[in-house]
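In what follows, a single structure is set out as structure tokens and then discussed.
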Amino acid sequence: METPSFSRCQLHGSASPMISWRLCLFLLLVLQSFCSPALSSSPYLVGMGSYDITGPAADVNMMGYASSDQIAAGIHFRLKARAFIIAEPDGKRVVFVNLDACMASQLVTIKVLERLKARYGDLYNENNVAISGIHTHAGPGGYLQYVVYIVTSLGFVRQSFDVIVDGIEQSIVEAHNNLRPGKIYVNKGDLLDAGANRSPSAYLNNPAEERSKYQYNVDKEMTLIKFVDDELGPIGSFNWFATHGTSMSRTNSLISGDNKGAAARFMEDWAEKNVNPNQAAHVSSENPRRVSALISEPNETSDDLIRLASSYKASGGREIPSSSITRRVRSAQENKLKFVSAFCQSNCGDVSPNVLGAFCIDTGLPCDFNHSTCNGKNELCYGRGPGYPDEFESTRIIGNRQFLKAVDLFNSASEEIQGKVDYRHTYLDFSQLKVDVPTSTGGQQVVQTCPAAMGFAFAAGTTDGPGAFDFKQGDNKGNPFWKLVRNVIRAPGPEQVKCQAPKPILLDTGEMKVPYDWAPAILPIQIIRIGQLVILCVPGEFTTMAGRRLRDAVKNVLTDSDQFDNNIHVVLAGLTNTYSQYITTFEEYQMQRYEGASTLYGPHTLSAYIQEFQRLATAMVSNKDAPTNLQPPDLLNRQIELLPGVIADQAPPGVTFGDVSSDVPANSTFRKGSIVNATFYSACPRNDLLTDGTFALVEKLDGTDNWVPAYDDDDWSLRFIWSRPAKLSPRSFATLEWTIPQDAPSGVYRLRHFGASKPLIGSIKYFTGTSSAFAVR
């Protein structure tokens, strides 16, 4: 590159040589400041990325409620992997990925790391990469490797697994390619109405002195980090807040990111419309959407719109090449700043979004306080969300509350993150960890964790999703009949019974190895440091008090060093890197509510985490490694897949895939807020997941014969609902249901469906079809 001419100043003319030299130096410094301001002003390189991980929208059991009846049959809105990379220009770097999935998976993590190594060598590895799940209970299952987590999905589901691995990799690649100088800010504040304790009787068993330190029986604080590119301005935010992804119930069959996925969708749409570089933005409580800003209101009168709409009839189905599948509206907006916002999970173990409380569905009265039963039956006790009885509305409200709080923190963030990037990671065998714990007399004793086991109250479920039969929460004895059933599968030995006490063991999963491991034993723990922000990455669901104890213990280690002062932000990232169910306090464990029964490694599980995280934190501040000779198993080649593939799709005689089965009413007009739907002859969505594409589209007429994509199946307002007339039928239908947003421009619209069909012999064929047009005013 040629040197700018004024940097080659000549020492001649009327000015003295010293003056000319100084002038040249001054001009050179000015040029450098304009060309590379970030080199002197920003301590970090920052990159953001995201990618579609929606997965199979049909036939696959959903992960979370462990209900074999909850089978995916459409899309509420799409799921994403969202990633940030933060790097010191000449130092360490960290990657954090947030998944719109129930939880992370050890097998997914292993395969993602293998791909990153193939791409980047040792740049990204198990030490500096964290993969966390938001805990939606409305995503496809079958992507974990341990038997107990894939029983209801009929074993391993390769499509679920592959799309998540692919999406994580692509989100990291995008973040890596987008690395640019930038700043990071941190802010935190209380969100009071998005979570309630679903096991308050267990929480009350914690010491009164400890409980008195806190105003609430769940954590109300949200911690947010804001990413600002030196040239482009704000480019994203991640936040951590504890509330379960159970606003959508186990009767829901539409893939959904639940309340946290909704909050992320709302904030990214808001940012696309409002966030400008170096300019503060304003937020409205309305659901954000960009279409009204892109498409203007028409000049035609209502009668003119109706006449115009009536001239466009349903198109009929037709085959198209796969390349003609419309990309999602957001993906199609090229050359535009992509704002990435993630709503990450924290210590949500006993925190429910069903904030109205738990009630008996037969009487309407509150459930029993200690056991969450109604006349002794757990099946009748359900939590109620703020939109009760509409779970979609509850999801929107809880998501909107998180979104509004995040925007408030985003707009007011002023504390800049400064300091080194660092990390520590290790593997531990939680089936046999020795733990030092205090005695009642003030001394110390050595105890041990246990091989994994689940108690009877596990089968009772929670008020977010009750179990079946005669199980109930708070059961510390067990049922003789179910003990007989258990013993047929595997009877726990006396040492295991003693170790897990007072938990009555229903499934001795840690000692069940046929056809392969039922539960994990080797778990990862990880600490990520970004300046004064410290992220504790845990492979499970900590309860409120368990999370508080862990955070405080690690914070004490860090602040006792000379690297941190009291201005330190410690957050807990739950469901990260793998999954091992719940972690309660010792006192909560004694109550054997659902969370205690699901604490796999016995009553001292939390003490083990605290001990080992303190060791990890000590290693980090001492600049020492955290070596381990353990590795989790890679069970991919042992996975069993029992879900049958798609054999063939059929349409009735004389019908083409994409034809309308039930059209919108002829010559119709709809007001904003009303619902429009049309049903198409379709095929199984498993034939092609249409990743980064869409099965459903709302198109708006712009001019003459120019249909503009306006809303797709990643929008809150548009649902893609898939169904069969019978369970094994090769025929199927796709219903597109659009709730017209209040800010949708008036005009002429139609619904379009995309799909892929599989013949009995031959390759998959792609198709599309449209409804008749209709007017919106």
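Just so it is clear, glycine is given a Cβ too, placed from its N, Cα and C backbone atoms.
Quick look at what TrEMBL annotates:
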ACT_SITE  Ser352  active site, nucleophile
BINDING   His135, His244, Glu541, Tyr582  Zn(2+) binding site
DOMAIN    44-611  domain 'Neutral/alkaline non-lysosomal ceramidase N-terminal'
DOMAIN    613-776  domain 'Neutral/alkaline non-lysosomal ceramidase C-terminal'
SIGNAL    1-40  signal peptide
(message) Among all protein chains shown, how many Cβ atoms are found within 10 Å of the Cβ of Tyr582 (Zn(2+) binding site), not counting that one?
(response) 24
(request) Looking only at the domain 'Neutral/alkaline non-lysosomal ceramidase C-terminal' (613-776), report the model's average pLDDT. (result) 96
(request) Write out, in the order they occur in the sequence, the residues of the chain not among His135, His244, Glu541, Tyr582 that have a C-beta within 8 Å of the mean position of the C-beta atoms of the recorded Zn(2+) site. (result) Gln345, Cys348, Gly349, Val351, Gly540, Gly574, Leu575
(request) Measure from the CA atom of His244 (Zn(2+) binding site) to the CA atom of Ser352 (active site, nucleophile) and give the result in Å, rounded to a whole number. (result) 5
